[in-house]
Amino acid sequence: MAAAGAEKLYLLVACALLLLAVGCQAIPLQIGFYHDRCPQAEAIVKGVMMEAISQNPGNGAAMIRMLFHDCFVEGCDASVLLDPTLFSPTPEKLSAPNNPSLRGFELIDAIKDALEAACPGVVSCADIIAFSARDASCILSGGKVDFEVPSGRRDGTFSNASEPVKFLVPPTSNLSDLVDSFVVKGLDAEDLVILSGAHTIGRSHCSAFVPDRLNVSSDIDSGLAAFLRGQCPADATPGGNDPTVMQDVVTPNDLDRQYYNNVLSHTVLFTSDAALLTSEGTVRMVVDNAHIPGWWEDRFEKAMVKMAGIEVKTGDQGQIRKNCRAINYY
C-alpha cells in the first residue's frame with residue numbers, strides 16, 4: 001500500500017513538473033489565432049490596407065519595411081511603434097535607422113482604431129504590423145505574393161534608440177556584414193537576397209546613397225547616376241535638404257522581380273544592393289530570381305513568414321496594447 005501511494009505521488013509530481021515545463025515554453029504562433037475572439041480581425045486589416053494603398057502605393061512599401069525594422073530589433077513586438085515618454089524619452093523610432101525615413105505610424109493607428117472598435121483589447125500591435133506587411137505584399141504584387149501569416153504575437157514594453165543601430169546595418173554595408181546581420185536573427189544569405197527584393201517598391205532619401213554611390217567612384221550605371229544627380233543634392237543629409245527618389249524606376253509601384261534585373265544592370269541605389277554581386281552564391285540567387293517566373297515570389301512568401309517569427313513574445317509575455325504608441329500601465 002505504501003509503495004502504491006508513493007508511486008501515485010511520484011506520478012502526480014512528475015505530471016506537475018511536466019505541466020510547469022510546458023507552461024514555461026514559448027507558445028507557437030498559429031494561423032487563424034483570432035478566429036474565436038475576433039474572427040474579422042484579418043479582414044479589417046486588409047480593408048484598411050487596400051484603401052491606404054489605393055490612395056498611395058507607398059503605404060504598402062512602408063508596412064513591409066516596418067516589419068523588417070520591428071522584427072530585427074527586440075523581435076516582432078511592435079517596439080518600433082512606441083512614442084517618447086518622460087520615462088522613455090528616446091525610443092526606437094527616434095534612432096537614425098528609423099528617423100526620419102520610417103513611416104506608416106498613422107496607418108497603424110487607423111488599423112488599431114478599427115480593430116479596437118470591433119474587438120477591444122484583443123489584437124496586438126505586433127500582429128497588426130505582420131498582417132499589414134502580408135496584405136501589402138499581396139496587393140502590390142497583384143496577388144502573386146499571397147500567403148498566410150501565423151499570429152499570436154504580443155507587444156513589447158521596452159524600446160530604446162540605442163538598439164536599432166546594433167541590428168539594422170546601413171545601406172553602405174558590404175555583403176559579409178549584411179549576411180552576419182541576418183544570421184544573428186536566425187536568417188541566412190538566401191533570406192537576405194530574397195527580402196532585398198522588396199527594394200522594388202518604395203522610395204529612399206538621397207542621403208542614404210549619395211555619399212557612397214554618387215560622390216565617389218562606384219559601379220552604378222552612368223545613366224542612372226546622371227538622373228539621380230538631377231534629383232539629389234550632393235550634400236544631402238538626413239533632416240536637411242534630403243529629397244526622396246523611387247528605388248525602382250521601372251516598376252516603382254509593383255512588388256515584382258524587377259529588382260533583380262536592376263541589380264544585374266547596376267541600376268540600384270544602395271551599396272548593399274550592389275553587394276549581392278560580390279559572391280558567386282548570391283549572384284546565382286540574383287540570376288535565378290530575375291529569370292525564373294514565380295521563383296522569387298514563392299521564396300519571398302516563406303522568407304516573410306520566417307522574418308515575422310523572429311524572437312516573438314507569446315502567451316503571458318508582453319501585453320496587448322490599447323494604443324500602439326504607448327504601453328499599458330494598468
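Glycine is no exception: its Cβ is also placed from the backbone N, Cα and C atoms.
What TrEMBL records for HIS199 is heme b binding site. For HIS199 (heme b binding site), other Cβ atoms within 10 Å of its Cβ number 22.
Packing around ASP248 (Ca(2+) 2 binding site) is summarised by its Cβ count: 22 other Cβ atoms lie within 10 angstroms of its Cβ, all protein chains included. The Ca(2+) 2 binding site annotation in TrEMBL covers THR200, ASP248, THR251, ASP256.
Counting only same-chain residues at least 6 apart in sequence, those with a Cβ under 8 Å from the Cβ of CYS119 (disulfide bond) are TYR34, ARG37, CYS38, GLN40, ALA41. Look at TrEMBL and you will find CYS38-CYS119 (among others) tagged as disulfide bond.
According to TrEMBL, the disulfide bond annotation covers CYS71-CYS76 (among others). The Cβ of CYS71 (disulfide bond) lies under 8 Å from the Cβ of LYS185, MET307, ALA308, ILE310, GLU311, each of which sits 6+ residues away along the same chain.
Annotation comment: TrEMBL describes CYS125-CYS324 (among others) as disulfide bond. Its Cβ taken as reference, CYS125 (disulfide bond) is surrounded by 30 other Cβ atoms within 10 Å in the chains shown.
Sequence annotations record features per position, and here TrEMBL assigns disulfide bond to CYS206-CYS232 (among others).
The signal peptide annotation in TrEMBL covers 1-26.
As annotated by TrEMBL, site 'Transition state stabilizer' applies to ARG65. All protein chains included, ARG65 (site 'Transition state stabilizer') registers 21 other Cβ atoms within 10 Å of its own Cβ.
CYS324 (disulfide bond) sits 31 Å from ASP256 (Ca(2+) 2 binding site), taking the Cα positions as reference. Summary of the Ca(2+) 2 site environment: with the site residues THR200, ASP248, THR251, ASP256 set aside, the chain residues having Cβ atoms within 8 Å of the Cβ mean position are ILE201, VAL250, PRO252, ASP254, LEU255, ARG257, GLN258, TYR259, ASN262. Reported as a whole number, the C-alpha separation between THR251 (Ca(2+) 2 binding site) and CYS206 (disulfide bond) equals 19 Å. By the criterion of other Cβ atoms within 10 Å of the residue's own Cβ, the least surrounded of the disulfide-bonded residues CYS38, CYS324 is CYS38.
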